[in-house]
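In what follows, a single structure is set out as structure tokens and then discussed.
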């Protein structure tokens, strides 16, 4: 398709694949349309920058070069862990303003909102603020000290309780303001920032206060109708001795988190024990965006560094296509499969190195917030080369994959763990050869679940239980149609967390658990013992016509209230997990394949 035809499809709203490509982008509004138009141009520029054999593989569905609407036309990077602590402690310049260390929690979260918008506008992937309970604790203490000072100045009786009460209100208000800021602003990418905040390991009174404020705000919801916010994504660490069991000091906060999850789906949880075992870190590692994980890395002085690090991009390998291409007549040929697998791994390496090469010679001045003002943990000079920051394992670059479920069907046996182990062996060789940290990433595949399946259908027709569904299964996940218990699903997916260490998440589908928090806790605890990163999908919908909070029924034409039959999308709030993030399909539609996949999800019970 020519660039003119693609732009016409955007302007006249006839290109549904483009308009519904990203569930977080409202393609009806000017900023998003402008970003989509720029993306069309960037894709055409990429055709002249990326070697033709890579572009051909991308366009035919053998591989997928992610975010080609941003990179390599411009030297964007993917997702990151923002060094919020360093930025707040050392100050930084934002636009025309010199930001100093905040003196209160309200100012600290206001600055965090501005950092969120700036970072999201200078990269194409997700933004994470890790361990905000610990990082923002000093600003709660400053707020408390100010209230003590006021109480003494005005001779307020019971100064300690006064200061405690005022501080608690200030912390709550600070995170309420942050949540509203995030959900009302647009980045230059034409979307709400993909932002994640993690918490849960702090046990002092200020850290506990922050955790409670985050959860209570999420439980309350947004606006008059108390709708479920999409962002920030909430991720809570669970750990024995901190919050996992009844005798732990933060067990009460875990109970609040369970209530929150039952009403808002978030927080997702990370098992601190398994996370440290997987990443090699001495402290739990937060996901960059929805699921990308860094491994341990030490600076020149031997200190472990997490905040300020990032990912350089993803290329995803179409595993079902390798199997489909390995059939000779009606028989699967193992030797041909091995040959094609190795060829396509080499292809992925070239595609990833092409992405890295696009960053060579680029100066820090292209993204001051990232490279000069501390978001990436450094203060480079404007003319410094950014590529040096990414070498020797400081940044990751990821190889993704999709369709283990379909691959197993085509091969005729459970080959998933075997194939991922072989992929890891290749990645290790690439890392040793180049000095860049290649990681194995379980691709979310919000749009790719449909794109790959559609292209494979065009080539091979309708293949039973593979292409006939209209979507490919997300990474290593069990088929969404398989009727098993949540514990069985966790057990079957858990081994993949320890293989695909560069990115993974598992989730289960449960019925309404608001009145069964003990049951929800049992699922959480089982997940915490067996895998790393986990979420639960539960009904959190709301019909504004009848007031029902039952799950809206998905159909090919939209959602229907199961109580009153309402179909007007403006009269209901529907929330679904698209892949790692939540989305509102009535506000920002899913692609055809993802919509079909959601319709076929069964409850695990």
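For all residues, glycine too, the Cβ spot is worked out from N, Cα and C.
Summarising the annotation, Swiss-Prot assigns dGTP 1 binding site to 64, 66, 67, 447, 448. DSSP assigns residue 67 (dGTP 1 binding site) to coil in the three-state reduction, placing it in neither a helix nor a strand.
Summarising the annotation, Swiss-Prot assigns dCTP 1 binding site to 64, 66, 445, 446, 447, 448 and lists experimental evidence as the type of evidence. Under 8 Å, Cβ to Cβ, and six or more positions away along its own chain, residue 445 (dCTP 1 binding site) finds 316, 402, 452, 472, 474, 475, 579.
Annotation source Swiss-Prot lists dCTP 2 binding site at 100, 103, 114, 146. For residue 146 (dCTP 2 binding site), the count of additional Cβ atoms within 10 Å of its Cβ stands at 16 [all protein chains shown].
According to DSSP, residue 103 (dCTP 2 binding site) is assigned to coil rather than to any helix or strand. Around the Cβ of residue 103 (dCTP 2 binding site), the same chain contributes 139, 142, 146, each under 8 angstroms and 6 or more positions distant in sequence. Among the features that Swiss-Prot reports, dGTP 2 binding site is placed at 100, 103, 146, with the record citing experimental evidence.
Annotation comment: Swiss-Prot describes 100, 103, 114, 146 as dATP binding site. Same-chain residues at least 6 positions away in sequence with a Cβ under 8 Å from that of residue 100 (dCTP 2 binding site) are, in sequence order, 91.
Under 8 Å, Cβ to Cβ, and six or more positions away along its own chain, residue 114 (dCTP 2 binding site) finds 94. Marked as dTTP binding site by Swiss-Prot on the basis of experimental evidence: 100, 114, 146.
Summarising the annotation, Swiss-Prot assigns domain 'Glycine radical' to 482-605 and lists sequence analysis as the type of evidence. Over the domain 'Glycine radical' (482-605) the predicted model carries a mean pLDDT of 93.
Residue 546 (Zn(2+) binding site) falls outside any helix or strand according to DSSP and counts as coil. In this view, residue 546 (Zn(2+) binding site) is surrounded by 14 other Cβ atoms within 10 Å of its Cβ, with every protein chain counted. Per Swiss-Prot, the feature Zn(2+) binding site maps to 543, 546, 561, 564.
What Swiss-Prot records for 580 is glycine radical. Residue 580 (glycine radical) carries neither a helix nor a strand DSSP state and counts as coil. Taking all protein chains in view, 25 other C-beta atoms sit within 10 angstroms of the C-beta of residue 580 (glycine radical).
In this structure, the binding-site residues under consideration are 67, 446, and the one with the smallest number of other Cβ atoms within 10 Å of its Cβ is 67. Using a 10 Å radius centred on the Cβ of residue 66 (dGTP 1 binding site) and all shown protein chains, the other Cβ atoms total 25. Recorded residues residue 546 (Zn(2+) binding site) and residue 580 (glycine radical) have their alpha carbons 30 Å apart, per Cα-Cα distance. Checked against residue 580 (glycine radical), the binding-site residues 67, 447, 561 differ in C-alpha distance, with 447 being the nearest. A C-beta separation below 8 Å, combined with a sequence spacing of at least six in one chain, links residue 64 (dGTP 1 binding site) to 58, 315, 316, 318, 400, 448, 451, 452. Distance noted between the C-alpha atoms of residue 447 (dGTP 1 binding site) and residue 561 (Zn(2+) binding site) is 26 Å. Of the listed binding-site residues 448, 543, 564, the Cβ environment within 10 Å is emptiest of other Cβ atoms at 564. Straight-line distance linking the Cα atoms of residue 66 (dGTP 1 binding site) and residue 446 (dCTP 1 binding site), rounded to a whole number, equals 12 Å.
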